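Enquirer: Next up is a structure, given as structure tokens.
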Amino acid sequence: MAGRSVRPSDSQPGRGPIPPSVTFTRRTSSGRYVNLSRESLDSEISGVEFAEYIVHIPPTPDNQPMDSLAIRGDPPISQRVEEQYVSSSLFTGGYNSVTRAHLMDKVIESEANHPQMAGAKGSSCAIQGCDGKVMSDERGEDILPCECDFKICRDCFVDSVKAGGAICPGCKEPYKNTEMPDDSAEPGQPLPLPSNSGMSKMERRLSLMKSANRSAIVRSQSGLMRSQTGADFDHNRWLFETKGTYGYGNAIWPKDGGFSEDKNDETGEPPELLNKPWRPLTRKLKIPAAVLSPYRLLIFIRMIILGLFLEWRISHPNEDARWLWLMSIICEIWFAFSWLLDQLPKFCPTNRATDLNVLKEKFETPSPANPTGKSDLPGIDIFVSTADPEKEPPLVTANTILSILAADYPVEKLSCYVSDDGGSLLTFEAMAEAASFANLWVPFCRKHDIEPRNPDSYFGLTKDPFKNKVRPDFVKDRRRVKREYDEFKVRINGLPDSIRRRSDAYNAREEIKAMKLRRQTAADELLEPLKVSKATWMADGTHWPGTWVVSAPEHSRGDHAGIIQVMLKPPSDDTLNGTIDSSPLDFTEVDIRLPLLVYVSREKRPGYDHNKKAGAMNALVRASAIMSNGPFILNLDCDHYIYNSQAIREGMCFMMDRGGDRICYVQFPQRFEGIDPSDRYANRNTVFFDVNMRALDGLQGPVYVGTGCLFRRTALYGFDPPRSKEHSGCCNCCFAKRKKTATIKTAPEEHRALRMGDDDDDEMNPSLFSKRFGNSNFLIDSIPVSEFQGRPLADHPAVKNGRPPGALAIPRELLDASTVAEAISVISCWYEDKTEWGNRVGWIYGSVTEDVVTGYRMHNRGWKSVYCVTKRDAFRGTAPINLTDRLHQVLRWATGSVEIFFSRNNALLASPKMKILQRIAYLNVGIYPFTSLFLIVYCFLPALSLFSGQFIVQSLNVTFLTYLLAITLTLCALAVLEIKWSGINLEEWWRNEQFWLIGGTSAHLAAVLQGLLKVIAGIEISFTLTSKSGGDDNDDEFADLYILKWSSLMIPPITIMMTNLIAIAVGVSRTIYSNIPQWSRLLGGVFFSFWVLAHLYPFAKGLMGRRGRTPTIVFVWSGLIAITISLLWVAISPPEGATGIGGSFQFP
């Protein structure tokens, strides 16, 4: 145990700018500089053998000594040791408990072999009697505080500084740089939070970025002007044209705050930078007019036909069966309304494309603004959520983590956070094993350009793995990595038994110790059986602070402390190539650095509503803001991995392009693996992802669907977009809001983009943000930093709210213990009390479909979203392919939609900032489950028609058949055109139509009933995770397809099928044996019955299972339903001459 405190900054707020001056200093023997006054200068120079002085000259356009790398020199030894200490410690804490850091000697049973991995150590300490290890840096080199290279561990170094007078035990000379007396704490003491005095860490980083910005502008401007004139820099001309003033630190700072003539653009570019041709990062691909124009025309034609048809149906009732006519006309009116809600948002489908070459040229190519060519791309924090290792196998999660660590994005800008909402040691050690295997897998992917970078998917490919591989050592490397991966899988699969055996051994030891101790104290008294808690033990022989296998107080699934473990510490800023001795493969030309990997398990306590997945995601938002503060967040489910290693870059093209500051998120389509070739239950959802989502992209943007989404952090924080517009509509007149004039110009520069339009103007003041974001000043200070980092590049006059080039090329801040302690405090169970988290900030609470609600809130504030369809699938995941799990999945989605309809997130209450067609799309999201009430009635109408001998119309005349034909043909034509512009095929469209009826008569109906129960009676709805385990047939890839577990959701479709089958038999028999056959009514009823049965065919096929494995309950229900319906029909319409039910009735 050890603690750290943050020393206050030496800066003094409120003081004016330091005037230009010449400062004289003397270098002492310890390497420090002492300021000298002019009076004492002569005496000092005469009193020493050697002296030097430094003249601080204010930087000018032709004198720019400070570049982006020199803004912050090499970190001192103490900070590097601190970061290594942090990355090797397990941090725990929470409500009413102190935050502690437990130094982990080992995280997993095997030895950590990567310098960034938790538990990695250097050489042995040279102090006699000490068995500690020397801390190593991110390159695997020992951190040695003295120039004599005496090897000393961290604890001995602290002792020598505190008690030994800061004298090196090796050379007996004083340490030149310790910084330990004010920055250390006694072991075992709780960790303090960062100090609030002085300049905060985030404020300092924002200042560094802006100072690097300005110097980069000056260098680029000076270089361009010199190259254009061929002469030395003209200071007078520069002062006149830029309104610059000389002085300490403000030589390039114009008085009006920017170079642009636009007063609203505070980060304009010098005109010299604008001479270069500007190239966009993205472009829209127009859908051919030969497809889009007929498509829009057909929509209008079908609307007219539906209107005429409904008018004719209403004016021509069936007098013989008015009840049948009334039910049918009500259902048909609703179907027409539902079709309009679904079809109107499809007027403006859009396709988009990105240019990765332009992205690389702008952000990763040496330029006058970025001479070193270091990546100027913003950071990204990737969230992976898991909750139950039994239903979400750790091997699947580990493969997802490996695909993230190997993504093609600057290593120092990438961070991965794993949320384990179950607090399981199994998930913890599986992540540690994945971090260890990444030492081999990630460099292998970079060396040979491997795709996909999920090892399980890569080694399972059926295509030739050697295609386009030219390196002669590829075969050898692949064979070695394949063997290592097989061993990795065995270790992951063996973790449950390994943890159990280890825990049993430690528990037995503890029990023996307790028995011995009691025997010594109790003498010969009669002893009761000893009860020792069955703890779960970590690899280093200590208690696991999370959930134990055998639940105990403060160690159960809903009651455990918050946990943070840095599995892979942040990488170095410079490229680190491998060596021959460091790896079994040749990585001498490959960067072996790994991104930051953090394990997070938020605190859970009884009596708190933890809000399921949404609460876990919000905890990650806060923890990541403290530790890495990436301005963009990518969230993935544990079974969705990165299939295209450049997918993040493609999403970043939209965020960094002109107008990208108004984009709240970039949604990628979901693609699935392991689905049967026929896609029996429409698991791929291609109609939704390739038709509906592309259509929404032409409006205000696609809806958020829960995974594969790249967020802007400030949009998640609940801020408004920089330039939002209001759209007129019918709802705005009824729900008009008072317009407010925001005092943007009076706000500080870094806070002008942080606006919340529906509140008072003074809410822009960050000092009041604690009411929204909680009491963490560190978190609040990180908000303007992430907003600035997320701005697009201001390389064109049309780019508003941009940042100049080179601002993000500065090195990162080192991790310290107080930073991680702050992260522990923001994931505690009490932190969200009396804040806006879950209400306006972060993922929104109160719905099982928190994803749709979260996206709706952003669109409602005026943000836009973008749909990014990549040539190679960006992400791939798994989906339940058996009938039962599929129905329960649809039930959860539909229940969330019903909750949305009955909440204040109903699109009818949307703000004027949402477009009218976007409102219609969101309205359809909340209304579509209610179609099941009319659909299930309409599915019974053919059977009722056959039973009664009547039909929904008086007779099948030419007018009715013409309308029916026109409606059917226009529907088919629209489907063909949608297939043309979306790229789906006809079979996928038909499968979607089939499952629309299957889900509408089962899951959607149940969702409506559950939603009404929640609204009326307040009965909460709970859902469990869908198990991702396979079937009992290990030889069949699609064994899950034939698994059938009985569910009450199956009763309505089975009833519909049996009713229609019996009705067809009854109708045919009655018509054949009747004196005056009514063939028209029979044909109408039989046609619609076959229409229903054709849609239910996949459901019937799923009930049959495979090789006669149909559950007995299916046959029992089928028989009971058939008998009940037959008796009901005989009672309603007995044969002629019958005196009662049964009477003299004989089946023909």
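Every residue, even glycine, has its Cβ placed from backbone N, Cα and C.
Feature list, courtesy of TrEMBL:
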REGION    1-26  region 'Disordered'
BINDING   SER385, LYS391, GLU392, ASP421, LYS612  UDP-alpha-D-glucose binding site
ACT_SITE  ASP421  active site
BINDING   LYS613, ASP637  Mn(2+) binding site
ACT_SITE  ASP851  active site
TRANSMEM  921-944  transmembrane segment
TRANSMEM  956-977  transmembrane segment
TRANSMEM  1054-1073  transmembrane segment
TRANSMEM  1079-1100  transmembrane segment
TRANSMEM  1112-1132  transmembrane segment
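Locate each feature and note its surroundings.
Expert: When other Cβ atoms within 10 Å of the Cβ of LYS391 (UDP-alpha-D-glucose binding site) are tallied across all protein chains shown, the result is 14.
Under a cutoff of 8 A between CB atoms, and with a sequence separation of 6+ in the same chain, the neighbours of ASP421 (UDP-alpha-D-glucose binding site) are SER385, THR386, ALA387, SER601, ARG602, HIS610, LYS613, ALA616.
Taking a C-beta cut-off of under 8 angstroms and a sequence separation of 6 or more, ASP851 (active site) has the following same-chain neighbours: TYR704, VAL705, GLY706, TRP843.
Beyond the ends of the transmembrane segment (921-944), by six or more residues, the same chain brings 324, 327-328, 330-331, 334-335, 338, 341-342, 345, 696, 699, 703, 852, 856, 859, 894-895, 897-898, 900-901, 905-908, 910, 914, 952, 997, 1000-1001, 1004-1005, 1007-1008, 1011, 1052, 1056, 1059-1060, 1062-1063, 1085-1089, 1091-1092 to within a C-beta distance below 8 angstroms of the stretch.
Residues 680-681, 883, 939, 941-943, 945-946, 949-953, 955-956, 991, 993-998, 1001, 1053, 1056-1057, 1060-1061, 1063-1064, 1067-1068, 1071 of the same chain, all 6+ positions outside the transmembrane segment (1079-1100), place their C-beta atoms under 8 angstroms from a C-beta of that stretch.
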Enquirer: Neighbour count, 10 Å Cβ-Cβ cut-off, for SER385 (UDP-alpha-D-glucose binding site): what number do you get?
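Expert: By my count, 21.
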Enquirer: Would you measure the largest Cα separation among SER385, LYS391, GLU392, ASP421, LYS612 for the UDP-alpha-D-glucose site and round it to whole Å?
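Expert: Looking at SER385, LYS391, GLU392, ASP421, LYS612 as a set, their Cα atoms extend up to 16 Å apart.
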Enquirer: Measuring CA to CA, name the entry from the binding-site residues LYS391, GLU392, LYS612 that ends up nearest ASP637 (Mn(2+) binding site).
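Expert: Spatially nearest to ASP637 (Mn(2+) binding site) by Cα position is GLU392.
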Enquirer: Within 10 Å of each Cβ, count the other Cβ atoms, then let me know which of the binding-site residues LYS612, LYS613 comes out lowest.
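Expert: If we count Cβ atoms within 10 Å for the binding-site residues LYS612, LYS613, the smallest count is at LYS612.
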Enquirer: Within 10 Å of the Cβ of GLU392 (UDP-alpha-D-glucose binding site), how many other Cβ atoms can you find? Include all protein chains, please.
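Expert: Step by step: centre on the Cβ of GLU392 (UDP-alpha-D-glucose binding site), count other Cβ atoms within 10 Å, giving 22.
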